[in-house]
Each structure stands twice: as structure tokens, then as C-alpha cells.
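First up is the structure itself, then whatever we jot down about it.
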Amino acid sequence: MTPPLSDKQTLPPKQTIVVKLGTSVLTGGTLKLDRAHMVELVRQCAYLRRYGHKVIIVTSGAIAAGREHLDYPELPKTMASKQLLAAVGQSRLIQEWESLFGIYGLHVGQMLLTRADLDDRERYLNARDMLIALLDNGIIPVVNENDAVATTEIKVGDNDNLSALVGILGGADKLLLLTDQPGLFTADPRNNPDAELIREVHTIDETLRKLAGGSAGGLGTGGMATKLQAADVARRAGIEVIIAAGSRPDVISDLASGESVGTRFLPLDTPLESRKRWILAGPPPAGDIVIDAGAAKAVLERGSSLLSKGISEVKGAFERGEVARIFDTNGVLLARGICRYSSRDMAMIVGKHSQEIYKVLGYEYGPVAIHRDDLVVI
């Protein structure tokens, strides 16, 4: 029996905390919602609210709730079947959260998002304003991807990455990724008894990504690899991220108190400004740009804009104002940014000096291909 929350250490100054609850946490590995465990999770969130912290819930479980409500129907494994279950289950899921938080006199507000809500800068800002309005009025936002209408093209993809984007929208201090694993290990603990828990991560590199693998649970869409992606995005925005076991007693309150639980990802000392956060978290890249060694050095070490002279190759089709990824000639991802020229135009000015752009195209949108204010180093 764990001690009551009131006996625990004092919580740090008021924070905004995103709690991401995966399907495996909400179902306990079964085919239906584990309501007893949801009660416990809500108790901890209510404790945080009592002490002035703002809490955002990013919840999975709509499809599981829909399947349970319809008495586990046999459906074809299609997008339409998933959307059917999500449409039925989302209303059941929000009712569960509303009922449980109501025990503590707390109100919830539902936000259903798609990729399209984040791609467009104006819609992104509207979503941010709505989220902040809920928080400022003492309402707990309960966020999920709108699976009932989301197609492959407009899906965020998983609630791990969605929670990172929501954390950026809400100006969060912490993102708690609760899963069925205690954290990130040096090997898969399910088949390697020598695997050790990684307590703290300062840099996310290829070695760490390989450790994360790519497996996912049967009911959910996110594995450890997607959690690592989410952590990388969030920490660049100045958000501390912790991956921990959702079944651990008092896990939410302990993490909020700063206890050493799970795997902690330290945020960058100098987080990205608002516009660059949107570039990192918002629109998916529409194409790729390969740059030479000189341009790579200028972008990475001097924070320079990307000039057409340094471009070696343009891949994919994108329009002016869309986001592209930037690679070096070895295929290493360096950055992403908003393009001043379309892929057609860029292909024509590859390797050209800035003063040659007008001569080649017959018009110009400035001397740079991507301005440094629109460029985010990865």
C-alpha cells in the first residue's frame, strides 16, 4: 500500500503537465477499458489540479471502448471498421473521463484533432488558443486524434506524437508518456534479462533510436520508437519528457514531484521560439533538399540561411511556403524549413548564386532558398 498523496514531497512550482495514456495503460492489456485503473489515474490528476498544476490528458482507447460497447463485433480489418469503432467509442470514452473527473468537481473539455488542424498556421493557432482557454478556466482538456474522420493523409499517426504536439500547443513543462514498460532499456526487457533501464537521456541519436526498435501493442498504434520521436520533438520545444509505466502506483504524482521514475529526457537549454516550434511540429515535409558540405556547415555552425548555391539536389514536389527536409550528401537529416521557392524553381537554381536567381527564373522571392528564421536544425 503506497502512502497517501498528501504525505508525499511537496510538488514543484505550478506547471502545465501533459499526461499521455496509451491503450495498453487504459485497458491493462485486455480488450476493454480498465475502469478501476482509470479511477486511480484520475485521482492523481485531481491531486495535481488541487495544487494548482494544469493538466492535459491525451487519451487513447476510443477503438477499444467502441469494440466493448458493441460487444466485440467481428469486423473486417479496414479503415472504415476502425472509424466505426472510434465513432462509437469516442463518445463512451469522454463520458468515462467526464464521470470520473466529476467525482472531484472537475470539468473536462474534449478536443479531437487531425493533422490538418496542425498543418495550417492559422488553424494551429486557433487550436492553441482553445487549449489555453480551457486550461485558464480550470477545465481539463481531454485530447484524442479524430479517428472517426481521419484518413491516412490527415492522421497524426499515433498519440505519442500527438501528445508532443499538444504539449507544444499548451506550452507544457512536462510530458508524461505512460505505457506498459517502465521506460527505455538498453535491450528489449521482454526477452533479454540483462536489459537495464536508461534513467536519463541528454541527446537522442541513432544508437538510441535503434534501441527503441519499432514494435507496437496489439490494440495501440505506438511503440517505443514513436515515443522516442515524440520525446525528440517535445524536448526541442523545452518540454521535459518522461517515459514510465502507467501501472506503477502513484506514477503521475511521483513524476510531477520530480522523483526518479522511468526514463527522463532533458529539454534543450534554449528551446525553439513559437514559429520554429510550429515548423518542427506542424506540417509534414513535402519534399527533400540535399545540400553540400559548405552549406551544411553554414546552417549548422553559423545559423545561416540556406542559399541556392549550396543546394545539390531537390527531391519530391513542393510549393513555395511548404516545409522540406534538408539532408547532407551522406543522407543525414540536418534540418527542416519553409521553402521560399517551389521544387520546380529550386531545381532550376541548384548551385546558382543568389544574384543569378532572377536571370534564371525571370522573377525572385528574395536571395535565399530558406531563410534562417524559417529553418529548424534537427
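From the backbone N, Cα and C atoms, a Cβ is placed for every residue, glycine too.
As written in Swiss-Prot, here are the features:
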{"type": "BINDING", "residues": "K20, T179, D180, T221, G222, G223, M224, A225, T226, K227", "note": "ATP binding site"}
{"type": "BINDING", "residues": "S60, D147, N159", "note": "substrate binding site"}
{"type": "DOMAIN", "residues": "286-364", "note": "domain 'PUA'"}
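All features noted in Swiss-Prot, drawn onto the structure.
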residue: K20; record: ATP binding site; Cβ neighbours (10 Å): 30
residue: S60; record: substrate binding site; Cβ neighbours (10 Å): 29
residue: D147; record: substrate binding site; Cβ neighbours (10 Å): 23
residue: N159; record: substrate binding site; Cβ neighbours (10 Å): 27
residue: D180; record: ATP binding site; Cβ neighbours (10 Å): 16
residue: M224; record: ATP binding site; Cβ neighbours (10 Å): 24
residue: T226; record: ATP binding site; Cβ neighbours (10 Å): 23
Residues S60, D147, N159 [recorded substrate binders]: greatest CA to CA distance in Å: 11
The domain 'PUA' (286-364), counted residue by residue under DSSP: helix, strand, coil: 28 helix, 24 strand, 27 coil
For T226 (ATP binding site), identify the closest of the binding-site residues S60, D147, N159, judging by Cα separation. N159
Minimum Cα separation from S60 (substrate binding site), reported as the residue among binding-site residues K20, D180, M224 that achieves it: K20
Whole-number mean of pLDDT values that fall within the domain 'PUA' (286-364): 96
Could you check which of the binding-site residues (K20, D180, M224) sits closest to N159 (substrate binding site), going Cα to Cα? K20
D147 (substrate binding site) and K20 (ATP binding site), distance between Cα atoms, whole Å: 17
In Å, rounded, how far does the Cα of D147 (substrate binding site) sit from the Cα of D180 (ATP binding site)? 22
